[in-house]
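One structure is given here, and the rest of the page talks about it.
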Amino acid sequence: MRSLLLWIAVVVCLLCSVAAVVQSGSSDGFGKPRDTETAISFLEYKLMAPSVPMIPLTLIHGADSKGAVCLDGTLPGYHLDRGFGSGANSWLIQLEGGGWCNNHRSCVYRKTSRRGSSKFMEKALAFTGILSNRSEENPDFFNWNRIKLRYCDGASFSGDSQDESSQLFYRGQRIWQVAMEEFLSLGMKQANQALLSGCSAGGLASILHCDEFRELLPSSTKVKCLSDAGMFLDSVDVSGGHSLRNMFQGVVTVQNLQKDLSSTCTNHLDPTSCFFPQNLVSDIKTPMFLLNTAYDSWQIQESLAPPTADPGGIWKACKSDHSRCNSSQIQFFQEFRNQMLFAVNSFSNSDQNGLYINSCFAHCQTERQDTWFAQDSPQLNGKRVAESVGDWYFDRAKNVKAIDCPYPCDTTCHNLIFE
């Protein structure tokens, strides 16, 4: 098993987004922010080959006239690498992840980072994994039009309100709409194939917007959706509380998301429950592929054992490196895996849907070359992630659904270790 070392001390210096501001040794809402998303993003950057082409940032000019702006009022942006050959009329839209802001302070903080302002976004990004333009790295989508839509609203491209006093613009839904208008004008309206994808908070966004994406395109266009590490569960944390539910409740309340959530869900559940994908995926009409690790690193760090639920630090070593967990802690993770499998059970009954749940301690596998398609990539039933997604999208195989055996049986994992 290959383990990947991720140096949190270095990452803190590069901190530029907040999943939810959590304090160390502070109870009043102030202190050093922790950010697992940035830590994982830093690891992905370190894994990229130096020869990877850089794709420039394009701002959506005129978006501000429609109120489609980042948290700080700046223009939203994207990176586009044009398709070629047989893929010239095929489109892949990758929605960026990066946590959420769940209160006034964390949303204000994001205004000073790329997660809330295009002023701080990288001027160019490396396209790897599912975004790569090389057939040997991305066999099925390498020659498609590949777009990465940047994330700067803090609510998974949802919400349409603002905080006048702090000049905070919660305009994720408008950003989604103007971005889609832009892509349609660039040629996506003539697409013969399209895939809406996303990682983490972007994976949740792919779930939230999947059917909406389908409706944008002609019925003759083949449209499917992929959610990578987007199955955030409404789980009990190590203290018996509901850390992620509390966070999501803040997101829904602060950004006034109620009106943007699925009415099919809100007709029988509260708005916060309808931000959890486990209550949404079975009602999606468009074919959807769920890719997730059974022991999602972000959820372990921020939902199951955040510092607020573990003030004594009993879980600190275990959540940083699973090899340092005791048997009861591993059992807690096994119960989380069982919840994951239960959450996708109804979804998996549909023949049109795809599933890939591997028993790894990781987060986001589509944009990392080592986990998407490499010689030693993780495998399930002899298939790497890219191969399974391709089999499902192009209907090369029936019933593309793979669920791994429980930890520690999978020796192909690329596990994340935080030190």
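Placement of Cβ uses the backbone N, Cα and C atoms for every residue, glycine included.
Listed in Swiss-Prot for this protein:
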{"type": "SIGNAL", "residues": "1-20", "note": "signal peptide"}
{"type": "CARBOHYD", "residues": "N133", "note": "N-linked glycosylation site"}
{"type": "ACT_SITE", "residues": "S200", "note": "active site, charge relay system"}
{"type": "ACT_SITE", "residues": "D296", "note": "active site, charge relay system"}
{"type": "CARBOHYD", "residues": "N326", "note": "N-linked glycosylation site"}
{"type": "ACT_SITE", "residues": "H363", "note": "active site, charge relay system"}
Exercise for the section: May I ask which of the recorded positions N133, D296, N326, H363 is closest to S200 (active site, charge relay system) if we compare their C-alpha atoms? Expected result: H363
Problem - By Cα-Cα distance, the member of recorded positions D296, N326, H363 nearest N133 (N-linked glycosylation site) - result: H363
Practice task
For D296 (active site, charge relay system), list the number of other Cβ atoms lying within 10 Å of its Cβ atom.
Solution key: 27
Completion exercise
Counting every protein chain shown, other Cβ atoms within 10 Å of the Cβ of N133 (N-linked glycosylation site) number 21
Practice task
Would you count the other C-beta atoms found within 10 angstroms of the C-beta of N326 (N-linked glycosylation site) for me?
Solution key: 11
Completion exercise
Within 10 angstroms of the C-beta of H363 (active site, charge relay system), the count of other C-beta atoms across all shown chains comes to 28
Practice task
For H363 (active site, charge relay system), name the DSSP secondary structure in the helix/strand/coil scheme.
Solution key: coil
